[in-house]
Amino acid sequence: MKQYFVTGTDTEVGKTYVTCQLLRAANNASLTAIGYKPIAAGCELVNGEWVNEDALNIQQASACANGQTLPINEINPIALTPPIAPHIAANEEGVALTHEKIAEGLNALAAYRPDILLMEGAGGWRLPLTIGSDNTPTHYLSDVVKALKMDVILVVGMRLGCLNHALLTAEAIRADGLIIKGWVANDITGNMTRYQENLRSLKAMLPEPLLAEIPYQTGIEAGTLLSAIEQLS
């Protein structure tokens, strides 16, 4: 079983979309693949359960060997109501964002023994989990990923500023002693000026492999994601 952490250069860069595309591609390649979003904010009460749209998409894209649909509270064990920064939402709701809770959920999904397990973060790499009395963060989600020694998939949202965001995020991941397995260029606007020039710059500046280039709201060629899955499996 291979486990990866999916992070992004910012919030709203398509982490969930990329995660779901990779899960489906793996399942279509006769592999079992499960997604995990330990923390999600902006949840709504549906049939007695707190549900986040991203977590629901991951649930639908995941597949176990026995074909069962995993419970949403296993895909997303920490569901927060306000659509705000998770550590602020957790503080307001009296919820503890702990390493133990996140690792426990990961281990529960690993027990299904999928070929690939993707854990998706929230926001960017340095997402605060807990803060001290002076509002200074004391723990970050990246600390959990570091402790779990997970390789990282970096989703780059292709928009103005992505070069700086990608380089800084990659530097932070490497500084934490983790391996970037590869990165995904996700076209999130469809109208980025000098898109190809920016993509070429990223290829030149990031030593890690480009796993896939995902176009804006159009079909993805099967071979594109199959190549990514071959590198991940």
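Each Cβ is built from the backbone N, Cα and C atoms, and glycine gets one as well.
Annotated Mg(2+)-binding residues in Swiss-Prot are Thr16, Glu120, and among Asp54, Asp143, Asp151 the one listed with them is Asp54.
Report note: the Mg(2+) site is defined by Thr16, Asp54, Glu120, and the residues of the same chain whose CB lies within 8 Å of the CB centroid of those residues, excluding them, are Val6, Lys15, Tyr17, Thr19, Cys20, Gly35, Lys37, Ala40, Ala55, Asn57, Ile58.
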